[in-house]
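Database features, via TrEMBL:
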| type | residues | note |
| --- | --- | --- |
| TRANSMEM | B:20-38 | transmembrane segment |
| TRANSMEM | B:58-80 | transmembrane segment |
| DOMAIN | B:63-170 | domain 'ABC3 transporter permease C-terminal' |
| TRANSMEM | B:101-128 | transmembrane segment |
| TRANSMEM | B:148-175 | transmembrane segment |
| TRANSMEM | B:196-216 | transmembrane segment |
| TRANSMEM | B:236-258 | transmembrane segment |
| TRANSMEM | B:294-315 | transmembrane segment |
| TRANSMEM | B:551-573 | transmembrane segment |
| TRANSMEM | B:609-634 | transmembrane segment |
| TRANSMEM | B:640-664 | transmembrane segment |
Ligand SMILES: Nc1ncnc2c1ncn2[C@@H]1O[C@H](COP(=O)(O)OP(=O)(O)OP(=O)(O)O)[C@@H](O)[C@H]1O
Ligand SMILES: [Mg+2]
């Protein structure tokens, strides 16, 4: 049974004459507990797609169903509740609040849900240990490096232990060791807690951690890859597919 | 795009934030204009017994309005320009010359000025009738009907002055633009760091303010303590000055250091801070406090001073009333020798005299000691005392019901002294006596002090003394006067007659010559003579008091209106300037699942806090200041001050509501726009 279902999604930007088609009729399903990657050249509409699925944006036409619930018909408040309780989102541009400390940024989703303090503290400790942020908790976001900011963004998305985790280029600013650690962690929560993960990336290495990869180009479904054997073999498949699509990078090797 | 098109586009785009500015200016202009028209209305001016008074009060008020408006305009323009810094930079980057940008802003200013003037003068013209009606009500004048007032000079003056102001502001804008550095992004958050002096300063601020308030509350005790400690008499001035200094400085420190520190500590206190939107709110509050500390301080002080001024005016009503009761408690009080003439006149005019009380006053040289709260050493008074008998005093209680009841036996006396509250009986002297220069009664035992004078203060050359009838009878008669206190009701006719009588006996006095041991009545003035008036009338004074007082209240109410608008408008603009940051927060927080209602609630709180905080502090200051005044002046009415403080709360509440709405509009609107331009 499909956990996420996109039915003929379309998203147009702009007004009047100069319309840009960001997504032009996408349909696919994602099962509960899957770890799915989305790849495609820059401007293909990946972020837009993720925003639509996360209800941050309304599709021009088409529908999104999550857990058989049609999000198109939910009220604003219900959508906010959905995002708060069931969804974690790691944004491409981090979206950290500048005035708040790292710790405050991380715990924000929990305070918004009025979680008891003890629970907040343990959750914060756990997540910051995993992401190596323990020493940075009192710093301000603009005092730390991009990679660190990205890890903070991850921590904020994961602290609520959501059912659904959307990640827009979560490893973009990380060195390969940090990236590997993060991805291993994502894999772990995917396996242990059956979190459904949707991950956008340009990077074949990152993508090779997924079970399935959806390739889109110009807002349309281009191809789909499923991991069968080892990760190394899968990595090679992804590289080949990127070459076919064009516009991807071919440098990142083991 | 042509220049004029650009101008209109600009004006349209910034109408939203400029509406507050425009309205505040327009209303200030309206009030200025209405004051101006009133001073140029001949029938209003002649109505007042002393037209100079009216003109003086209005002139003062107009100057105050001008100053308020000018500071407001300058501050508002600075804020507005700061908000448009990005737009300015963009214009520069796009290649407009500084000159053309400057002339764009200059013209915009003139355009706004024109609209504000039109609005203000138009409203002023429409509402003159209403304003005159209110003024006449306040002055308790009934014989003049309120009219539509107009005067070309008033119009010309108003337009001229405000045109000058707007021109000045245009130039000010140009100056600001010339000196503006190129910058694409406004500076973001101030770092949340503490330095070694943060804690001491924060503490000193609180301690100073609390000390100031405490000293104000225990005013007399503090002065006494100071005088004893330093062995001086200068306590009153020193303590007043230090209270003022402590509170003013303390408040500055509180705004600059204590409150930010408090917010910081709250932020660290996770049990409280980690709930809902509080982490975000605390950060915003800290930034707002950091940016607006001095503005908040100035607004607080101004609110406090308006409240004190209005409150003391309200006290003034009581003081006026009391001094009227004290000077002429009945319709006419007249000395014995002029009494037949007055009686004749009253009979001729058909005025029915309802009561005629007679009392005898004897003037006796004296010496006695009093201990003042305000002085270290007892004061020795050697002025002549006017002595009245207990039975005459009791007679006066019939028409002066507030006179305290006295019980005296032979040889005892009560001093009547105007500033009775300041005095206790001498503590050190064993015998509390009044020494009289009278062979029969050399001394009287002092048993009390009272601030209220039977038959009115004007019947006494300085302080008074009430003694038992027997003692009174023993006193020498040479310095004796008899007064009649006549009562009749106030009508238009009796008022006119009173005025006539007052004119008839204008400046006629009874003279007393002081010799070594006694006071003697005398026909003419000699040097060093003591005097008493022959006749005083209540109603004429009452009416002119009422008029002057009503005028004062009217002017002050409108002035405080202008102040409320101006300060509220300024805060509104300042807070609107922060909306870009709030917008950023809004976008992010909704993405991680915040219901927008909660954010709006947060904005409401934040804005409301910044608006009501100065009202709270200002009211506190005003309360203590008025407390000091009421101790010094014996007035106790805080009603009007409370009323105005309530007005502030309401008006600022309205402002904070509007501000919240405006911010909310911007926060949500711009998001959808940037949607399509990202
Ligand atoms: N708010 C917007 N307004 C107008 N056009 C937009 C907006 N957001 C995205 N687009 C357009 O939609 C298309 C898809 O954008 P999107 O951000 O989804 O690409 P992407 O695949 O995430 O690219 P990247 O890999 O660079 O992040 C692009 O052509 C972009 O210009
Ligand atoms: Mg993207």
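Cβ from N, Cα, C; glycine included.
Predicted automatically and left uncurated, TrEMBL annotations should be read as such.
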Ranked first among B:58-80, B:101-128, B:196-216, B:236-258 for CB pairs under 8 angstroms with the transmembrane segment (B:20-38): B:101-128
The transmembrane segment (B:148-175) and the transmembrane segment (B:196-216) contact flag, 3+ Cβ pairs under 8 angstroms: no
In contact by Cβ distance (the transmembrane segment (B:196-216), the transmembrane segment (B:294-315); 3 or more pairs under 8 Å): no
Sequence-remote partners of the transmembrane segment (B:236-258) [C-beta within less than 8 Å, at least six residues beyond its ends]: 198, 201-213, 215-216, 219, 222-223, 226, 289, 293-294, 296-297, 300-301, 374, 617, 621, 624, 628
Tertiary contacts of the transmembrane segment (B:196-216), as residues 6+ beyond its ends and Cβ separation under 8 Å: 222, 239, 242-247, 249-254, 256-258, 261-262, 620, 624-625, 627-628
DSSP helix/strand/coil residue counts for the domain 'ABC3 transporter permease C-terminal' (B:63-170): 91 helix, 0 strand, 17 coil
Cβ-Cβ under 8 Å with the transmembrane segment (B:58-80): same-chain residues at least 6 beyond its ends: 14, 17-18, 21, 24-25, 28-29, 31-32, 35-36, 38-39, 109, 161-162, 165, 168-169, 172-173, 176, 295, 555, 558-559, 562-563, 566-567, 569-570, 573-574, 577
Averaged pLDDT score, the domain 'ABC3 transporter permease C-terminal' (B:63-170): 83
